[in-house]
Amino acid sequence: MTPSGQLLPLTRPPPPPPAPPVLSSRRSRCLPPARAHARGSPPPLWRAHRLHDRFLHPTPQFRAPARAPRPPTPPGVSAAGGGEAQAAAVAEFVTSERVKVAAMLGLALALCNADRVVMSVAIVPLSQAYGWTPSFAGVVQSSFLWGYLMSPIIGGALVDYYGGKRVMAYGVALWSLATFLSPWAAGRSIWLFLFTRVLLGIAEGVALPSMNNMVLRWFPHTERSSAVGIAMAGFQLGNTIGLLLSPIIMSRTGIFGPFVIFGLFGFLWVLVWIPAISGTPGEHAQISAYELEYITKDQKLVKPQIGSAKTKKVPPFSKLLSKWPTWALISANAMHSWGYFVILSWMPVYFKTIYHVNLRDAAWFSALPWVMMAVLGYVAGLVSDMLIRNGTNITLTRKIMQSIGFLGPGIALLGLNAAKSPIIASAWLTVAVGLKSFGHSGFLVNLQEIAPQYAGVLHGMSNTAGTFAAILGTVGAGFFVDRMGSFRGFLILTSLLYFSSALFWDIFATGERVDFDGTG
């Protein structure tokens, strides 16, 4: 039997401790010393350690040190490490480049809505200053929707061709210019002033399609609902900012103070957006290799192909309209816009006429629900992403979210109708507007899923339908009240429309990609 000391030269200094006799005999049978020295040089270190494989180290333990360290657990995915891994995932998400994109989108949408609703506050002093009749004041209020009606489809097509970053930058710059020039235009000509309002609507029509495009490119499907929640939280907070800050600014700077200040903030946003944000993660100079891989893994990005034949191709509108999932989106957007603009436009008047509160208190009652919508919209996004990560089918998730977004407001409006005090009515209105935000994780995200290559056009088509519904609902509410003498019947009608839209969505919506190109 070969003594164990003969193996010492194979391991190089420092020598290992003598092996037990039982291992020594079997080690010599595995690799005789003569065979090792016959090759003219000592074997590498791993050879000596391999002598012990069968006895000291199972194979997985031997190979583990040679493996590259695994990347950290992707954000939002549960890890075996427990709380520490989850904390690291949250920290990565909060400091990531994609969250910066969502935050910038939220700021843009906040400016979008603040510029839009400032006219709702300024219309009374403007009417007094320029002698506008109530009917003409209604024309001025609706002039924004004239432009907004024209731009979503064209804007959506531009987003599909050129990407959300470029189109959003032009859109914010243009609507900020229209807002900033409103005081000058009003002092020159009423037609010039109306033109600035139409221009505002045209420019703001590209905001939501651009947001959808950027979320599609920057977020994996397990985080898109959260990203939309962050962006739309800014959208809803814009209502609150416009409704509550505009009177304060006017009291210090005059009627047109909010127009100038909000317009300047829009220009500042553009100056930050252009150098800080890229159109796709791959174009970003500072994104980490891990985040880039996490975003693009198992994700097919639809990149703009400027100058190619594809960018010159007219979107297949007939094929888009031939599929029931498209009509589910159109119906959902129309109902969402109907309820949104009816509540935004008429609730201050509702509280004044039904509960006889003054307009200032009515504005507060009407503004508070939008804060709840911003908060619950983000919560809905987190819940939606959690369901998908835990294995819930995407189609079922979208139907659950949109059902809450329709059935919740429908039931809450019936409660509002039966309320006996403004406090109870405000509580029901807050529930209605808050639950309405669950639709952001329903139809608004679904645009990216059924046709990512046509998400902008689909958003434009459904947004146009939503604008028609907004005009019909806003005008119809006034007509209904003139004929019936009360808002209560119109609230019941709106509730029934919510219930019908929920049923239509649950039957025809899907979370799977739809073949609109006829490729199989």
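Note that the numbers count up from 1, one per residue, in the order the chain is shown.
Cβ coordinates are placed from backbone N, Cα and C, and glycine is handled just like the others.
Just so you know, TrEMBL annotations never went through curation; they're auto-generated.
Feature transmembrane segment, per TrEMBL, maps to range 400-419 of the set 80-99, 120-139, 400-419. In TrEMBL, the annotation region 'Disordered' applies to 61-81, one of the ranges 61-81, 292-312.
Sequence-remote contacts of a segment are chain residues at least 6 beyond its ends whose Cβ falls under 8 Å from one of its Cβ atoms, and for the transmembrane segment (228-249) they are 99, 102-103, 105-118, 120-122, 211-212, 215, 257-258, 261-262, 344, 363-364, 366-367, 370-371, 373-375, 377-382, 437, 440-441, 444-445. Where the transmembrane segment (457-481) meets the stretches 144-162, 167-184, 255-274, 367-388, the count of C-beta pairs under 8 angstroms peaks at 144-162. Residues 225, 332, 335-336, 339, 380, 383-384, 387, 425, 427-429, 431-443, 488, 491-492, 494-496, 498-499, 501-502, 505-506, 509 of the same chain, all 6+ positions outside the transmembrane segment (400-419), place their C-beta atoms under 8 angstroms from a C-beta of that stretch. The listed stretches are 167-184, 367-388, 425-445; of these, 425-445 has the most Cβ pairs under 8 Å to the transmembrane segment (327-347).
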